[in-house]
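Heads up, the thing below is written out as structure tokens.
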Amino acid sequence: MKLTQATTLLLSLGLSLPVEGFSLSRTNAVGPKPPFRPLPASTPRNKTCQVQSNGDGTDDAPYILAALKQCNNGGKVVFAEDKEYTIGTALDMTFLKHVDLEILGKITFTPDTDYWQENSFKHTFQNATTFFNLGGTDVNVYGGGELNGNGQVWYDLYAEDALILRPILVGIIGLHGGTIGPLKLRYSPQWYQLVANSSDVLFDGIDISGYSSSENEAKNTDGWDTYRSSNIVIQNSVINNGDDCVSFKPNSTEILVQNLHCNGSHGISVGSLGQYQGEVDIVQNVLVYNISMYNASDMARIKVWPGISSAMSEDLQGGGGLGSVQNITYDKMYIENVDWAIEVTQCYGQKNQTLCNENPSNLTISDVYFNDLTGVTSGKNDPNVGTIICSSPDVCSGIHATNIDVKSPDGDSGFVCTNVDEEFLDVECASSS
């Protein structure tokens, strides 16, 4: 059962994309499910630029910028396989057009936490910051090389101060038309990838891993976070991390996620949404297909803040925002040692259920489909394997669950169901709260 289609496909990830470039349509590289809209093709590349390296751990950012400017508009920039590159300067690469970055070697970001807190790129959402911003039109990044965020110094520092600004390893910011992968991503200080204000981007063959070597956990290491982006495809990837495998943040639309192997995560999550009062968060038209999830807190997860201010942690607070979650499908999923097979909540960050019910979410959930989910939970929440908690039936409708064959190690299969129409749930609503 472990050898799902996703696992089988991942055995050949190294062959999934041609290292010489992308002469074919990006749409043809997507499968088995098609993208919501066709992805634009790349134009031919007709020149090559090699990136120099000091080779001694000092900053190579000037060489990278020089090569990008030289080969922009129709070229390929190569990071050699036999070289290691160091980045010690925040790089604005949002000017790119019709260019490839072939990363064959290893790129490491310096562990200068003071510099990066001051100079990393600041984004408005959830205090996100990035080592670099990569954007523009028709940009491909591939080669199978490694980006290393030197995360250990950040894991230890965050344990001392939860308000530090930890950079995201990969910032795809304002990219319209692009392919990312195959690549290895290692030891990100926080999220591995932020995809913001972007469209028509394919992620294919991403290998994510990086755990703490000290007693301080590597926290908030999401694989992907999409934000204000549309027509994004994430496929054929392996993720070993400690937070969401993929998270659809506000205003993510037409997102396809397929053929992933996730381990140690918090699941594939819609949200969190409704965090900021006065903001309108929309996530709609999302398909999650053929996912294997191991040793995780959740498989399929939707997390929405209630209508009252709540605190998830010292650096994560909110509630009262507006918006909607609509037309979300999770299909063909396998779990092993996962706490919740399905978790839907409109009370995110609020432990007092009575208070949540008295202040229901301002953000509606509708037309959600969970199909063909199999496997065994961890047993942590026995006798229940799933939970669907709405803050009010007025803001939560059309949640469907079919062909759900999930049990705990003891054979239990109950669901917690609150303020939800059980007519569409092919599960045992064994308890309510």
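Yeah, the Cβs are placed from backbone N, Cα and C, and that goes for glycine too.
Note that the coordinates shown come from a computational prediction; the quantities given were computed from them, not determined experimentally.
Features reported for this protein in Swiss-Prot:
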| type | residues | note |
| --- | --- | --- |
| ACT_SITE | ASP243 | active site, proton donor |
| COMPBIAS | 43-54 | compositional bias 'Polar residues' |
| CARBOHYD | ASN46 | N-linked glycosylation site |
| CARBOHYD | ASN127 | N-linked glycosylation site |
| CARBOHYD | ASN197 | N-linked glycosylation site |
| CARBOHYD | ASN251 | N-linked glycosylation site |
| CARBOHYD | ASN263 | N-linked glycosylation site |
| CARBOHYD | ASN290 | N-linked glycosylation site |
| CARBOHYD | ASN295 | N-linked glycosylation site |
| CARBOHYD | ASN327 | N-linked glycosylation site |
| CARBOHYD | ASN352 | N-linked glycosylation site |
| CARBOHYD | ASN362 | N-linked glycosylation site |
| REGION | 30-54 | region 'Disordered' |
| REPEAT | 252-272 | repeat 'PbH1 2' |
| REPEAT | 325-346 | repeat 'PbH1 3' |
| SIGNAL | 1-21 | signal peptide |
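Shown on the structure are the features that Swiss-Prot records.
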{"residue": "ASN46", "record": "N-linked glycosylation site", "contacts (Cβ under 8 Å, 6+ apart)": "GLY74, GLY75"}
{"residue": "ASN197", "record": "N-linked glycosylation site", "contacts (Cβ under 8 Å, 6+ apart)": "GLY135, ILE173, GLY174, TYR227, ARG228, SER229"}
{"residue": "ASP243", "record": "active site, proton donor", "contacts (Cβ under 8 Å, 6+ apart)": "TRP191, LYS219, ASN220, THR221, ASP222, SER265, HIS266"}
{"residue": "ASN251", "record": "N-linked glycosylation site", "contacts (Cβ under 8 Å, 6+ apart)": "TYR227, ARG228, SER229, ASP281, ILE282, VAL283"}
{"residue": "ASN263", "record": "N-linked glycosylation site", "contacts (Cβ under 8 Å, 6+ apart)": "VAL238, ILE239, ASN240, ASN241, MET293, TYR294, ASN295, ALA296"}
{"residue": "ASN327", "record": "N-linked glycosylation site", "contacts (Cβ under 8 Å, 6+ apart)": "GLN284, ASN285, VAL286, ASP367"}
{"residue": "ASN352", "record": "N-linked glycosylation site", "contacts (Cβ under 8 Å, 6+ apart)": "none"}
{"residue": "ASN362", "record": "N-linked glycosylation site", "contacts (Cβ under 8 Å, 6+ apart)": "GLY274, GLY307, GLY320, GLY321, LEU322, GLY323, VAL395"}
The compositional bias 'Polar residues' (43-54), counted residue by residue under DSSP: helix, strand, coil: 0 helix, 4 strand, 8 coil
Number of helical, extended and coil residues in the repeat 'PbH1 2' (252-272), per DSSP: 0 helix, 17 strand, 4 coil
Alpha-carbon distance [ASN290 (N-linked glycosylation site); ASN127 (N-linked glycosylation site)] in Å: 32
Neighbour tally for ASN295 (N-linked glycosylation site), based on other Cβ positions within 10 Å of its Cβ: 15
Residue, out of the glycosylation sites ASN127, ASN290, whose Cβ gathers the largest set of other Cβ atoms within 10 Å: ASN290
Across the repeat 'PbH1 3' (325-346), average pLDDT on the 0 to 100 scale: 98
Secondary structure tally of the repeat 'PbH1 3' (325-346) (DSSP, helix then strand then coil): 0 helix, 21 strand, 1 coil
